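This report refers to the structure that appears directly beneath it.
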Amino acid sequence: MSTTVGQVIRCKAAVAWEAGKPLVMEEVDVAPPQKMEVRLKILYTSLCHTDVYFWEAKGQNPVFPRILGHEAAGIVESVGEGVTDLAPGDHVLPVFTGECKDCAHCKSEESNMCSLLRINTDRGVMLNDGKSRFSINGNPIYHFVGTSTFSEYTVVHVGCVAKINPLAPLDKVCVLSCGISTGLGASLNVAKPTKGSSVAIFGLGAVGLAAAEGARIAGASRIIGVDLNASRFEQAKKFGVTEFVNPKDYSKPVQEVIAEMTDGGVDRSVECTGHIDAMISAFECVHDGWGVAVLVGVPHKEAVFKTHPLNFLNERTLKGTFFGNYKPRSDIPCVVEKYMNKELELEKFITHTLPFAEINKAFDLMLKGEGLRCIITMAD
């Protein structure tokens, strides 16, 4: 790889030229990394709902043409000025949010919301000089959440790159750079269920199942899955879910159903849908005195959370979380080690594998609600 250091690399990338239209495989030029940047060779990437959401461009600022993608794994090809903790050949996970290690958030043991590198979905350029590292015929192609992994090579700020165990299989651990870590950490780091406790998981997609996996790892004895789609229930058993509730089967609010099932409420709940009614139910279904509800899903911008203040006065706790409270550079390597030590199973999240040339099929699968994670193999 040393022959490419300092040179523009021409490679394949799946470019989103406009909202909702199939990605187009293009030859793009990828400039060398600048100060505090690294250029990565992406080996595996997967598709997350966030990619689809911004590809559809419903309700946010459309930024096109753009290279999407943010769940991935690869190898460092070269590093820019000032980069000291990464070197060519390192195995890494690029992450959509960062850890500069200098701001108040990064120095805090409680926060992972880096002031410098926190996710920015509107920015399509690099922080260093306000320019894109991607171009076609000299015209810029914009970045996505600082990662743009639907390209054979990409340039990322060093603070958004987690160096991992080189023995870890990149085609498995690539899913840890977004959704799976988000759900897992929501349980392990924020809800913190104790051994033998009860946990309700709202939404049994990939993030919700990762939250269930976290509850299972923590030793919860009852994990109640709540979803409007009963076809998800059988699969969820693999992730430790012991009981299921479909709100459509009841005439009363689901929080009342869960309270009756659990003698007053669950010890913990994790909400992964982003629907405001589910968020309220997730809070109101936890037990008074000690119950903790954790919100993961992102609601509609005009949604309003309404609950009676007595629900707080009766000592229920409501928390929110971002990326499972994991600091990308400090913590994600440890999550990879959980997988390597067989504490965490990733294979059951991976339901499809496709070659890079068929990336649009991955979008079709997600739009149909088929499967959890589709791994896209970049090599021919």
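Heads up, the Cβ atoms here are built off N, Cα and C, so glycines get one too.
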Additional site residue, CYS178, CYS272, CYS285 [criterion: listed by Swiss-Prot with CYS48, THR50, HIS70 for Zn(2+) 1]: CYS178
Which of LEU204, ALA206, VAL296, VAL298, the listed binding-site residues, has fewest other Cβ atoms within 10 Å: VAL298
Inter-residue C-alpha distance, GLY208 (NAD(+) binding site) and CYS114 (Zn(2+) 2 binding site) (nearest angstrom): 25
Site of maximum Cβ density within 10 Å, from binding-site residues CYS100, CYS103, CYS114: CYS114
For CYS48 (Zn(2+) 1 binding site), the one of LEU204, ALA206, VAL296 that lies nearest, given that the binding-site residues are compared by Cα: ALA206
Largest tally of Cβ atoms lying within 10 Å of a Cβ, found at which of the binding-site residues HIS70, ARG232, ARG373: HIS70
